[in-house]
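Trainee: The feature domain 'Phospholipid/glycerol acyltransferase' is assigned by TrEMBL to 309-410. Summarising the annotation, TrEMBL assigns transmembrane segment to 45-76, 82-106, 248-270, 276-292.
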Amino acid sequence: MAKPKENTNLHFPSIAQCASIRREKDTVVADMDGTLLRGRSSFPYFALVAFEVGGIFRLLFLLLASPIAGILYYFISESAGVRVLIFVTFVGIKVSDIVSVARAVLLKFYSSDLHPETWRVFSSCGKRCVLTANPRVMVESFLKEFWGADTVVGTEIHVFKGRATGLVKNPGILVGTNKADALVKAFRNESMPNIALGNRHTDYPFMNLCKESYVVPAKPEVEPVSLDKLPKPIVFHDGRLVQKPTPFMALLTVFWIPFGFLLACLRVAVGSLLPMPLVYYAYWVLGVRVYIKGNPPAPAKKSIGQTGVLFICSHRSVLDPIFLSMALGRPVPAVTYSVSRFSEIISPIKTVRLSRNRAMDASLIKKLLQEGDLVICPEGTTCREPYLLRFSALFAELTDEHVPVAMSNKMSMFHGTTARGCKGMDPFYFFMNPSPIYEVTFLDKLPYDLTCRGGKSSHEVANYIQKTIAESLSYECTSFTRKDKYRVLAGNDGTVVQNPNKVGVQEN
């Protein structure tokens, strides 16, 4: 068994000198922060866990402790600094929640900071190992599933009755010789990795165990790997924060939330109480930007026997039907699944629940169309990335009056959707953004020869409208469904059981 040795005077060549051709039979071991990732600080990722699981007060606690962690890390002991971050972030948190945040939230942020040179070498090797001071429970799931890591060796946290105590198990934080010892243990029954990748002197002990070792320099700064170059596309992700919470952004978030919540309440009240033709102008005064494109159809005239038009919308948030109504200047009812009682109360438009019973839902939609126009989101759930989920084909069987509507939105601080959190707060998180944007694009009404009346099947109609909306938004069509999303993000199929005695949650 190889014996690790401390050698802080060793100098290794830059990773730019590492060849990545014909490495299929080689094994690579890489550190995370500053190596696989461009950023050298792990604070933003601890901050994400703190906020997503513990809320604003846990994030504030972490911010207050971060100066102590920084002083320890840079001037006394790297291990001690990491211990402070782990304790403040994890103490009392369910381990299952940490794993959930890692898969649903951290994946997106980690993948947006992937170092291109490290990834060039790491992805070219046949066997890949990640060796990190970060808690293993925080990084293992997505490293294996999305980045193709075969082995993940990280700091082990102490758990009591399913909750993290904030302490770490022996041998402690994996830095310096601890990291080298962990590598030796992981490869005790096989040869040491061919290639080692690190970025700081505390990585030298494990790097010295490998045949080839390369350092990832902090400068010059490089652009991250584009998400389309990853082994798997990131279609689903969760979490409330839009931007990576650096110390400055985390502090700004903590100070903004109280003011932002009051602003959101004002915006919600304006949308609920003012007549629909005035809401558009009121929102602009309050900083909500609404852009309307295309030519919407005139409302159906019941006096001459016209049935309503069915607006087929891409689904970006629970507010889609409201912004569509705002664009039309009149309230248009919407059919939806599992909308919360609270959302129904504050909604300025009529919302009608579907039952997921095909016959009952078809009868209900037909009846509503006889009364006038109607809004439906056939995706059944929201998607944040530039993808459209599979469209349910039920709507195509019920009417031939289809108007596709491409909905998109932009937020700078908070996402207005969630699969894991309190979904009744979704409208408020959207309106807590300083200046959120909604774009409503009315596309041409579907010609009758492309409807079921023209001989097309309901699935052909649904797929055609999905493709039309995707092209207008420059999005990609997928066959993923609501159940796929919720299995990835929340570990369930997204079905919500309503309790009439409690404020419910809506399915997005």
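Glycine is no exception: its Cβ is also placed from the backbone N, Cα and C atoms.
Those TrEMBL annotations? Automatic predictions, nothing curated.
Keep in mind that this is a model prediction, so the values were computed, not measured.
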Trainee: At a C-beta cut-off of under 8 Å, are there same-chain residues at least 6 beyond the transmembrane segment (248-270) that contact it? List them, or none.
Mentor: 44, 47, 51, 56, 59-60, 62-63, 241, 279, 282-283, 286-288, 346, 413-414, 427-434
Trainee: List, by number or range, the same-chain residues at least 6 past the transmembrane segment (82-106) whose CB is under 8 A from its CB atoms?
Mentor: 42-43, 45-50, 52-54, 58, 61-62, 65-66, 68-69, 72-73, 133, 135, 137-142, 145, 155, 157, 159, 162-168, 172-173, 175, 236-239, 419-420, 488-491
Trainee: For the transmembrane segment (45-76), could you work out the same-chain residues 6 or more beyond its ends whose Cβ comes under 8 Å from its Cβ atoms?
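Mentor: Non-local partners: 82, 84-86, 88-90, 93-94, 97-98, 101-102, 105-106, 109-110, 134, 138, 239-241, 244-245, 247, 250-251, 253-254, 257, 420-421.
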Trainee: Count up the helix, strand and coil residues in the domain 'Phospholipid/glycerol acyltransferase' (309-410) according to DSSP, in that order.
Mentor: 33 helix, 24 strand, 45 coil
